[in-house]
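Contents: one structure, followed by commentary.
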Amino acid sequence: MLARHHHPIVAIATAPGRGGVGIVRLSGQRIAPVVQALCGRKLSPRQATYLPFRDAHGQIIDKGLAIFFPAPHSYTGEDVLELQAHGGPVVLQLLLARCLEAGAALDPATGQPVLAQLRVAEPGEFTERAFLNDKIDLAQAEAIADLIDASTETAARSAARSMSGEFSQAVNTLLEQLIHLRMLVEATLDFPEEDIDFLQQADAQGQLLRLQATLASVLARATQGAILREGIKVVIAGQPNVGKSSLLNALAGAELAIVTPVAGTTRDKVSQLIQIEGVPLHVVDTAGLREALDEVEKIGIQRAWTEIESADAVLFLHDLARHDATENPLYAINYIADDARLQSALALKLPKNTAIIDVWNKSDMAGPELLRQVNGGVLISAKTGAGLQALREQLLRVVGWQAAPEGVFMARERHVSALRSVQIQLLTAQNQLQAAVPALDLLAEDLRQAQLHLSSITGAFNADDLLGEIFSKFCIGK
């Protein structure tokens, strides 16, 4: 631990602004003297006590509840004091200042500060203390932040499961199996003179295959959890006036974007967070793609391409009404040719893993013959809502969402990356094990690297810069 981890800390634990209740939290080793100074009495452990909070001159700041959690039975593993007052910003700032003042006051008996080095906590420092004191592991700490930031009910429930340790338990089960396999390899290396084939006797190949199968299951659930956490960026693209804004409004269930018959109405992006089956989607409506008629439209089209290139999925809208060649064949031919050019441009600009869904809009205006000619994609009417459910289902399929919500771990990209690295190391280990003459030293190294990657998920193996990055993302007071 660093020296700062031994300093007592205090912070306002509730969100900024006005509220019915606000909390000031203090954590440190042996904080009983400052508890006495702040509360004017000794508090019974883990019992809420209603009392006045007074300043250094005895004047009442507020009245509320004080709860003392002696170590190690607290959130941080240290002594913790929580002061629950009315949630006004001024009241909470006064209580925070009073805590710092009480800690800095000199003890008449010793002439030393009552609570030396008491300071305001850094973002995430209470949760960091919980991790350092083995109250939670790193995956659980991250799940706490993910629960706070969850944008859908499904994401919140998945984060709660990870916070309770389901993800960590799955990782630890993998670690136990991996360590046992490593022991067999190391025993074979350490005792080559023994007339015992430890690997064959213990069915090392079978153990490795079972480990790989378990890993694949955990990785699949974690990948779905990463989708829940990060969300999916969906960009609506196409020529002007094909119904992009109408589609955004239909998906969002609200009139977010202006809809007019005039081509080029949308000049800048319009974004909205929606959810499909609990999966958060960041849907972006963009300017129509064509040769710009003025400088403002040109900027809007450039921004549209920027959004498209960073999308996880692109909904490319076709206007079925303009495909009808019965009234104006030349207009329809030109429109279809422009659509084809835009589709080619999309294919060239976008990464291969970006999903492109052809969406045929205005199906309510197309005749049966034209509808029969549509090959691939999804038929919809943004105006009537026809086909929207099929579009939602297609969106989830193309981005890889397939797990039942109750089976999903809330996971981060670093977790998924670590699990994939383990998968690669185990595949290399499998090749070594199946060789005619296995290179046991290389096999042992593959398994060691796999263990390091797994351990990084829960923090059993970590780097200080990784910890700093993770906990800095928390709010102050958590």
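Cβ coordinates come from backbone N, Cα and C, glycine included.
Quick look at what Swiss-Prot lists:
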type	residues	note
BINDING	ARG25, GLU82, LYS135, LYS478	(6S)-5-formyl-5,6,7,8-tetrahydrofolate binding site
DOMAIN	231-400	domain 'TrmE-type G'
BINDING	241-246, 260-266, 285-288	GTP binding site
BINDING	ASN241, THR260, VAL262, THR265	K(+) binding site
BINDING	SER245, THR266	Mg(2+) binding site
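Here the features listed in Swiss-Prot are placed on the structure.
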residue: ARG25; record: (6S)-5-formyl-5,6,7,8-tetrahydrofolate binding site; Cβ neighbours (10 Å): 24
residue: GLU82; record: (6S)-5-formyl-5,6,7,8-tetrahydrofolate binding site; Cβ neighbours (10 Å): 19
residue: LYS135; record: (6S)-5-formyl-5,6,7,8-tetrahydrofolate binding site; Cβ neighbours (10 Å): 18
residue: ASN241; record: GTP binding site; Cβ neighbours (10 Å): 20
residue: LYS244; record: GTP binding site; Cβ neighbours (10 Å): 32
residue: SER245; record: Mg(2+) binding site; Cβ neighbours (10 Å): 23
residue: ALA287; record: GTP binding site; Cβ neighbours (10 Å): 27
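Cα spacing between ARG25 ((6S)-5-formyl-5,6,7,8-tetrahydrofolate binding site) and LYS244 (GTP binding site): 49 Å, rounded to the nearest whole number. When pLDDT values are averaged over the domain 'TrmE-type G' (231-400), the model yields 84. When the Cα atoms are compared, LYS244 (GTP binding site) and GLU82 ((6S)-5-formyl-5,6,7,8-tetrahydrofolate binding site) turn out to be 51 Å apart. Rounded to a whole value, the Cα-Cα separation of ALA287 (GTP binding site) and GLU82 ((6S)-5-formyl-5,6,7,8-tetrahydrofolate binding site) is 51 Å. Each residue contributes its Cα atom, and for GLU82 ((6S)-5-formyl-5,6,7,8-tetrahydrofolate binding site) and SER245 (Mg(2+) binding site) those atoms are 49 Å apart.
Under the DSSP three-state reduction, ARG25 ((6S)-5-formyl-5,6,7,8-tetrahydrofolate binding site) is assigned to strand. Cα of SER245 (Mg(2+) binding site) to Cα of LYS135 ((6S)-5-formyl-5,6,7,8-tetrahydrofolate binding site): a distance of 49 Å.
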